[in-house]
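Feature annotations, courtesy of TrEMBL:
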| type | residues | note |
| --- | --- | --- |
| TRANSMEM | 65-92 | transmembrane segment |
| TRANSMEM | 113-134 | transmembrane segment |
| TRANSMEM | 225-248 | transmembrane segment |
| TRANSMEM | 260-282 | transmembrane segment |
| TRANSMEM | 312-333 | transmembrane segment |
| TRANSMEM | 354-372 | transmembrane segment |
| TRANSMEM | 428-457 | transmembrane segment |
Amino acid sequence: MNPSSSASTSSSSRLRTVRAKSGSLSFISSKYESLDYDTCENKLLVDEERTRGYPYVIQTDVARWFLFFLIGLFTAAIGVFVDIAIAHIADIKYSILKHSMDQCIKDCFYKTYLIWLGLVMGPVLVASVLVVYIEPAATGSGVPAVISYLNGVKMPHVVEFRVMVTRVMSTIATCVAGLAGGKEGPMIHTGAIVGGSLATLRLPGINCADSVFHFFREDHEKRDFVAGGSAAGVAAAFGAPVGGVLLSLEEGTSFWSLSLIWKIFLSSMVATFTLNLSLSAFEGHPGQLTHPGLLFFGKLNDTITNYEVFELPIFIGMGAIGGVLGAVFVAINMRIATFRMKYVKKQWIKLCEALLVAFMTATAGATSIYFLDDYCHSHTEDTIKFAVKVFCPDNHYNELSSFWFQRAEDTLRSLFHDPKGSYNVVPLIVFFVLYFMMSVVTTGLSVSAGVFVPALLSGAAWGRLIGIGIQNCFPDSAWAEPAKYAVIGAAAHLGGISRISISLTVMMIEATGNITFGLPLMLTLITTKWVGDLFTEGVYEMQIYLLGVPLLPSAPPPLSADIKATEVMSAPAVVFPAKVRVGRLIDILENVPHNGFPIVDSAHTSSQGVLKSVGRLKGLILRSQLIVLLRNKCFNETPPTSSDELRRKLRMFRDAYANNQHVEVLDSTVLGLSAC
């Protein structure tokens, strides 16, 4: 056997090993097609560029910058609405619970428990009904779908306006319920939808045929706006504009340039400015854009973030712990996701599962508060508004209630800022175990919820535990600050789950307002990623692979240099000659899902090589273009004779893109045979 045939055999065997069933990380679904991210160069486009000239180029560039500005503005407006809605409704919920628990403790605690169940399961019912029965594309965080879209995979309904409305409402209900899910992931998807919607927006009374905005109705233009929207979503969620740009580049955008980075940065900065301006007014200090309360985690004092050189190995060790815990999270969640794909298929079962998780969440909070009644703290000016005493003495509150009776973001800030002695070991362990379990089962649930804040909160809990241990070992040392290790633990835990390193470092710096803590965060997150990658993929990659999305990694797998293109090509190739009958064209469009078809000269055929030649390539025509030509009965080529006719023909394609036209059935008997 010659070496080439041996190599071919070995590479073919490796290719055969990736054939897997749904629910496997090696499964690749055939239902996905690619987006058209290459500029479609044809005679119409060339004629338009020549006819309109350089002024039109300037107009489109100015319009492009303007749209990125609007993306940041609208995304932040949605973020402000979500923040205020969650804050107001959650305050009502916790005030009801506090009143009930203060009035009824010993013999009638079951009444408080039933109220708690109702206040959790009610919002979850709303959140799940919206996702299960109205718009399933709003399930989860939406981040995997955005990553896939930005990398050229055509994801169904990923940037539709209806999905955004459903996601916003479901996210508010989920966060109000108190499930272990946050709004940050959904805000990234929401921003992406804002960007995609503005790219194809049709305003009544405006003739888009003569508008520069008509030019943006193409996949490669829409892709850039979606990238800007996802970055603006991060900025609107965390108030981290630079982190938003880096996250968009690190996780999503595979087509980028210096010009695009500047435009994405504009969207992120506008989103941050709008968010801070609105929240400053809401919190009672309008116009004070540098107020510490506007930072997502709050301004960390130097006494917290001061560190010594000998602490760096501790931070690296915490990074390793975060990598292991993140890998455990992903491994368990992958098995839960596989179970859901096999058995949780019917809509009513998905709804019941969401209600079961809501029941578990409320039960975990109520039982931990009721049974851990020995851990009490006296009230201070920093005590949370809805803390309850349960069995504690007067002017004291139950420590576990400070975890469960406020929003997750507020609990996270408390762990980052509360002084030494604010927490005991046992309540922290109990909360971490319960919340870690709840976050695992909530990720992928049929509600709109992200993993960012639950991961940060779980990490802050075990990080604070390590800080308490170090404080007990060095009680007289000023550097032994538990809050500092809570910040490191939060970053390590989120990094271990998501495998985000560079952008998360910057986001944590921006959200805490302390750049001196950059080195410990960087060392922690690099270690976290290295350790986590030894065991599993990140949670977003795992979700993408389980769905069978054909997302190419940034680098080819090892030992794949000898795999030839012929080994991954399907045969026979579906091609069209220069002239084709309408009936055959319709038949192929209805039965072949390809997004593009080669145009060949059938006079040139040969049988050289492994695959038999089907002709010499003359060009490529897209499925969307064929659909437009069939719908408009354009069967004969008639070059445009004037600029008005040129614009009419271009409008024909761009309007179809804006309307998202599809072909279910094309009846050749009603198409007619007139020329376009």
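Keep in mind that glycine also has a Cβ here, set from the backbone N, Cα and C atoms.
Where the annotation comes from TrEMBL, it is an automatic prediction and has not been curated.
Remark: the transmembrane segment (65-92) makes no contact with the transmembrane segment (312-333), by the rule of 3 or more CB pairs under 8 A. Remote same-chain partners of the transmembrane segment (225-248), defined as residues 6 or more beyond its termini with a Cβ less than 8 Å from a stretch Cβ, comprise 67-68, 71-72, 75-76, 78-80, 146, 149-150, 159, 183-184, 187-196, 198-199, 216, 256, 260-261, 263-272, 274-276, 294-296, 452, 500, 502-504, 506-507, 509-511. Below 8 angstroms of C-beta separation, residues 124, 127-128, 130-132, 138-143, 166-167, 170-171, 173-175, 179-188, 237, 325-326, 329, 332-333, 336-337, 340, 350-351, 353-354, 357, 360-361, 364-365, 368, 372, 400, 403, 408-409, 411-412, 415, 464-465, 468, 490-491, 493-494, 497-498, 539, 543 of the same chain, each at least six residues beyond the ends of the transmembrane segment (428-457), sit close to that stretch.
Tertiary neighbourhood of the transmembrane segment (312-333): same-chain residues 436, 439-440, 443-444, 455, 458-459, 462-463, 466, 470, 485, 488-489, 491-493, 495-499, 519-520, 523-539, 542, selected by CB-CB distance under 8 Å and a gap of 6+ residues from either end.
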